[in-house]
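Note sheet for the following structure.
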Amino acid sequence: MAFKQLLAALSVALTLQVTQAAPNLDKRVACPDGVHTASNAACCAWFPVLDDIQQNLFHGGQCGAEAHEALRMVFHDSIAISPKLQSQGKFGGGGADGSIITFSSIETTYHPNIGLDEVVAIQKPFIAKHGVTRGDFIAFAGAVGVSNCPGAPQMQFFLGRPEATQAAPDGLVPEPFHTIDQVLARMLDAGGFDEIETVWLLSAHSIAAANDVDPTISGLPFDSTPGQFDSQFFVETQLRGTAFPGKTGIQGTVMSPLKGEMRLQTDHLFARDSRTACEWQSFVNNQTKLQEDFQFIFTALSTLGHDMNAMTDCSEVIPAPKPVNFGPSFFPAGKTHADIEQACASTPFPTLITAPGPSASVARIPPPPSPN
């Protein structure tokens with residue numbers, strides 16, 4: 001599995017960092033800006049990119065719609081790779097190669113990429129200004145965006161994605177109306193990800209919202225704390241659904257437990273499938289596990305299609321994540337353990353407190369402004 005290969009590569013890299021720690025400190029290079037130093041001169045170019053996007057893309061380092069969409073871009077660009085197609089003599093996509101921007105006139109017309117044309121338009125000027133590759137920028141912006149969310153792990157960034165040469169084929173990005181079997185088959189083909197690692201990837205929905213799933217309403221979060229990288233998503237997806245936040249009958253959605261909150265059909269199914277339910281539940285009130293697993297799987301995702309041994313580790317450019325500023329997981333006001341649809345057969349659902357007060361609607365997240 002690609003997952004196992006990455007683990008081995010990271011283990012070797014960590015060993016080398018430990019054994020060579022003192023020499024590396026002496027070999028740091030001074031960056032041209034006169035402010036920063038780096039372990040590799042190639043990383044210096046990314047400090048100005050960081051300053052620029054933190055101020056002008058993420059509005060001073062906020063965990064808002066732009067951060068959510070930057071993370072979405074990483075998934076939709078990276079997962080578009082198929083060794084299965086390659087084995088049939090067809091082009092299977094380049095993975096994390098920036099093709100969703102390079103060939104945006106093609107790939108943003110694919111159904112699962114609806115709405116990403118606006119994100120592409122927002123990100124393109126930054127790429128042109130700094131002269132970096134599209135694939136590297138997507139991965140970098142995604143890592144920085146996540147780091148702006150309290151509770152996020154220390155994100156990693158590896159440099160060295162060449163420009164895409166072809167548009168990725170259609171049909172490689174999972175959709176919310178797909179079955180569990182369809183999603184798992186796609187994830188296994190793309191990166192050797194199994195059902196457990198797929199759950200790790202879905203942790204991204206802790207800081208996500210839907211802008212285009214329901215065309216009648218945008219900015220619908222998938223949990224009640226979209227500005228925090230926490231485990232609340234894994235609590236609320238196990239609550240019994242009671243109503244749709246907007247229009248009923250939207251393909252790929254099911255009833256959610258809270259007003260203003262959207263629940264994707266795939267999230268609902270993963271929380272209840274016997275292959276994934278226990279891993280899903282394991283994140284509840286386990287911030288350390290959430291951070292460690294997402295840090296790892298983001299790196300695996302954002303390097304799909306590339307040899308990590310040929311890439312440069314520039315993780316030092318990614319800022320330290322904002323610290324946890326929230327308490328343990330909880331039941332939203334008006335909800336209790338009785339509202340949980342228990343699916344993990346081997347482990348009881350954790351004991352949680354219920355938030356005080358009357359039940360309230362989850363606030364919408366304003367979408368990113370349209371580019372000029």
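Along the chain as shown, the residues are counted starting at 1.
Using the three backbone atoms N, Cα and C, a Cβ is placed for every residue, glycine included.
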Same Ca(2+) 1 site per Swiss-Prot - residue from ASP77, ASP117 joining GLY95, ASP97, SER99: ASP77
Of the candidates CYS43, CYS44, the one sharing a disulfide with CYS314 in Swiss-Prot: CYS43
Cross-link partner of CYS278 (disulfide, per Swiss-Prot) out of CYS149, CYS344: CYS344
Proximal but sequence-remote residues of the same chain as CYS314 (disulfide bond) (Cβ under 8 Å, at least 6 apart): ALA38, ASN40, ALA42, CYS43, TRP46, PHE157, PHE158, LEU159
Rounded Cα separation (Å) that holds between CYS278 (disulfide bond) and ASN286 (N-linked glycosylation site): 13
Per-residue Cβ crowding (10 Å cut-off), top of recorded positions SER99, ASN286: SER99
Other same-chain residues whose Cβ falls within 8 Å of the Cβ centroid of ASP77, GLY95, ASP97, SER99, the recorded Ca(2+) 1 site, in sequence order: SER78, ALA80, ILE81, GLY93, GLY94, ALA96, GLY98, ILE100, GLY135, ARG161, ALA164, ALA168, LEU304, GLY305
